[in-house]
Amino acid sequence: MLPRIAPFNRTGFARTVPELGLLLLAILVLLEGSVLPLGAASTPETNTHGEANRSGAVEGHSNHTKKAFPVLSFNYESVKLPFEISLWVLLAFLMKLGFHLVPRLSGIVPESCLLIVVGLLVGGLIRLAREEVPPVLNSKLFFYCLLPPIILDAGYFLPIRPFMENLGTILMFAVVGTLWNAFFVGGLLFAICLIPQTPVLNIGLLPCLLFGSIISAVDPVAVLAVFEEIHINELLHILVFGESLLNDAVTVVLYHLFEEFALVGSVTVLDGFLGIISFLIVALGGVLFGAIFGFLAAFTSRFTSHIRVIEPLFVFVYSYMAYLAAEMFHLSGIMALIACGAVMRPYVEANISHKSHTTIKYFLKMWSSVSETLIFIFLGVATVEGPHEWNWVFVTATVILCLVSRVIGVVGLTFVINKFRIVKLTTKDQFIIAYGGLRGAIAFSLGFLLDEHHFKMRNIFLTAIITVVFFTVFVQGMTIKPLVELLAVKKKQEAKRSINEEIHTQFLDHLLTGIEDICGHYGHHHWKDKLNRFNKKYVKGFLIVGERSKEPQLIAFYHKMEMKQAIQMVESGGGSKLASAMPSTVSMQNIQPKNQAAPLKPKERALPQLSKGREEEIRKILRTNLQRTRQRLHSYNRHTLVGDPEEEGIKDLILKKQMRIELDRKIKEMANHLTVPARTQDSPTMRRARLASGRNTDFIPAQQQKGNKNSSDPQSFTVKPSADGVPVIQVDLASPQSPDSVNLFDETGQPAQNDDQGLMMKTKSSESDKRSEKDDLRDQQKLMRCLSDPGPAAEEDEDEPFLP
Amino acid sequence: MGATQTRPEPQYQDLVEATGFSLEQIKNLHKRFEQLSGNADTISRENLERIPALANNPIKTQIIEAFFDKRNQHGNELGSYEAIGFKEFLMVMSHFRPPTLRTTEEEKEAMREEKVRFLFNMHDTDGDGKITLQEYRRVVEELLSKSGTIGQEAARAIADAAMLEVASTNVPNMGPDDFYEGITFEHFQQILKGLEMESRMHIRFLDASTAHGCCRK
């Protein structure tokens, strides 16, 4: 997002801080102005009163103006709720935009802090204007609307490999660590309450333990918000983040357990035992629900080839259903959501169209962004609202105990875990893990859920929770970045996955599995290999449509890369930008063994020469024609979203266009030895023009290869309008060679009947030269497409978090 | 332990120093060696081929070949053995040791180089110090060998693309006439830099004698 904001910065009106402040103020006033009437009607008691008032007013109004027809009337009530929601969302995003316009600020202070401050401001303004602040961080809203998008986003884009590799460690931290935190904090708080000197704090053991369980869980929202900005290495990121996701099960169980028993007043060993069973059911049940819905989604996506538009919907709705179903049974909704997203992703991605894939990605990122922003703002607002009951001892004790317990927990657990890990966790790692244990809005919402009648100390709890959340988000959130720099913690590898790395990752997998087999024990790799084989044999065939089910991972990766390249090439405007996309001048010619390259030389010299002036003319004319055709290409893209042939056609179009561009560039290079440059230099533009004209343009390269020259007769060049719209050329993307073999090389000598005849010249060339050249050039095209890193502005890998 | 112990303790000590395994690990590996060799002193290729679990592995041949490759013995010889003894077996296995908490940065670098060298030797089958296009093609073909015809067609394209990428990143400004002979070891190290071999290329070696349920020593 940042690079795109930068140009805005140059021209935007809110560049300087005073202007920005003005903008913010305007928004706040607007919000407050609309919240004023809202506030009056939002509380339940006054709601009906407001309604009655309003209807009375309307009636009175209508009595008043029975004579005249109301030309302009104001009816706020009917749009109140959507209006309110939209205004909050708008506020959230204008804030976010604002932060990025002030560049230094976003570097120092994490966004979450800024958003909380904004929330505080808004809450303050509302409070100043009226007595009451509307209860925005209503637990139902939070758990059913705000939290799921964030978790789904996290689960869908969860990097499975590092997650699975470190699953044991993550589970240890999540389960044992959270349990330890809960009991330590709860127990010690109770002990503190027992000390006679403390001011009146009459809190029983169970409520203390309940509080401990609420405050002990690391919060995924806060962790995501902060960690995304510091870019630490993958291992640490997945450890802390995975822990924050998986500790939900523990939190759910402990919360319900202690809530129930705090009412009863005592707990027995049997209850403890039941608690453990309950934990297993909650965790495994959640995962099971998620997996079931994930498989359903994958299965459904198998049949969506005719209705591509609704594909993203399946992903979202099935996941949300998984979450709700799990919540219904008091299982862990978060784990269900993670399981659903992670399970369905490989199959769904193989089935859905590229556009749907992009849609899903962007919708998820957008929704999670909205949710996160709103959560932090609401946290700020809710802080102002209260209700608060400040108790120095309790609050400071909570903060200190949380920190201490986290540190002790991490150190102790790491000591045990390192006995089982192959790559051990260093002290630096431990520090970051401990320091990254942020608390957030989930803790607050859980506290909010407590029933006030049963828990008279709810306000104290809420105050303490808010303080801890503020402390972790502000203090730890702000200082973690400089600490990471100071400690020189390994950062995330920014480089894109190249084809070499992919090949070797696969190679390593097989190698290590083989070595394990030779060593004789069933290790981690053995089971992974077994699972992969099972997946390939049974599951993929069932869930993935068509040929893709048999596609090995390496080939899938290769195609994905090609596709990305092709699309990037199209988006960056084609030929003129080619040079920047390929920083090196290496091409297939440099790699092929010499004996293959040799035959090209003698043939090339036999060709006649074209003057430079002529070349220029041709190029200019073709370029002007190109602009027309390029527009046609775009409008062609925009039309239908439904319909398979269009999608395939686009893919094909992209690939062929790129192939031609590459091919021509290659020919251009070869033409350094050639004495006729003309043919090659106008080919990219001409090629594109022909492509857009919708004709079967495939024969052109073949003719090029045969050594046919296009003479410079620009007048005879015309761009034909596209015939029927969609060129239905079935491309089987599973075999990259098919486009080449089918389209390029089968035409061996039919000149264009109705096409630009004028640009042909013939020379003699031998059959054998044709063959080797064909081969060569075919390889070249494929190669050009597969350069690993087209440049810094390339698309992000789906596995990476989206927020810049 | 009785009859299965064929080596006296001092020789284990040599191996500990040469390979870096602990005594326990060496004992376990020795048991496995004897299992594979049928209580003989050496293992041949057939012994390894007979392992049932390896049958599904697409790069089985290369793995087995790596055990018999003289280059993996930390010496300077080339060529391959017909049969290997326990020491050679252990030397090959030592390439898969993980780094410990006490490994320093230099040691990690050395370990990484050793592991990458192992991979390089696996690819460079003719031993000329370069991975040519043909050899690389063969690697990818083997990787995709279990995937039917789709695999074979794409293998060539993928290998070519990968080779081009290596050339592009390492020798970016080649003239149209230059020829990239093959991936040298330095280039190979360069392209695998992102993978951090010392943290990836390892397996767990059992310390305790749990593998065969054997009686305690």
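Glycine is treated like the rest: Cβ placed from N, Cα and C.
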- Query: Under TrEMBL, which of the candidate ranges A:83-106, A:203-226 is annotated transmembrane segment?
  - Reply: A:203-226
- Message: Labelled transmembrane segment by TrEMBL, one stretch among A:310-334, A:460-484. Can you tell me which?
- Response: A:460-484
- Task: Quickly jot the same-chain residues contacting the transmembrane segment (A:273-297) by Cβ under 8 Å, restricted to those at least six beyond its ends, or write none.
- Result: 175, 246, 249-250, 252-254, 256-257, 314-315, 318-319, 321-322, 325-326, 329-344, 348, 543
- Task: Report the listed stretch (A:203-226, A:238-258, A:390-418) having the maximum count of Cβ pairs within less than 8 Å of the transmembrane segment (A:362-384).
- Result: A:203-226
- Contact between the transmembrane segment (A:390-418) and the transmembrane segment (A:141-158) (3 or more Cβ pairs under 8 Å, separation 6+): no
- Query: the transmembrane segment (A:109-129) vs the transmembrane segment (A:203-226): three or more C-beta pairs under 8 Å (separation of 6 or more)?
  - Reply: yes
- Message: Should anything in the same chain at least six residues away from the transmembrane segment (A:238-258) have a Cβ under 8 Å from its Cβ atoms, list it; otherwise answer none.
- Response: 151, 154-155, 159, 162-163, 166-167, 169-171, 173-175, 177-179, 182, 206-207, 209-210, 213-214, 216-220, 223-224, 227, 267, 271, 275, 278-279, 282-283, 286, 330-335, 338, 429, 432-433, 436-437, 442, 446
- Query: Taking residues 6+ outside the transmembrane segment (A:170-197), which of them lie with a CB under 8 Å of any CB in it?
  - Reply: 163, 203-205, 208-213, 215-218, 238-239, 242-243, 245-247, 249-251, 254, 279, 393-394, 397-398, 401-402, 405-406, 408-410, 412-413, 416-417, 433
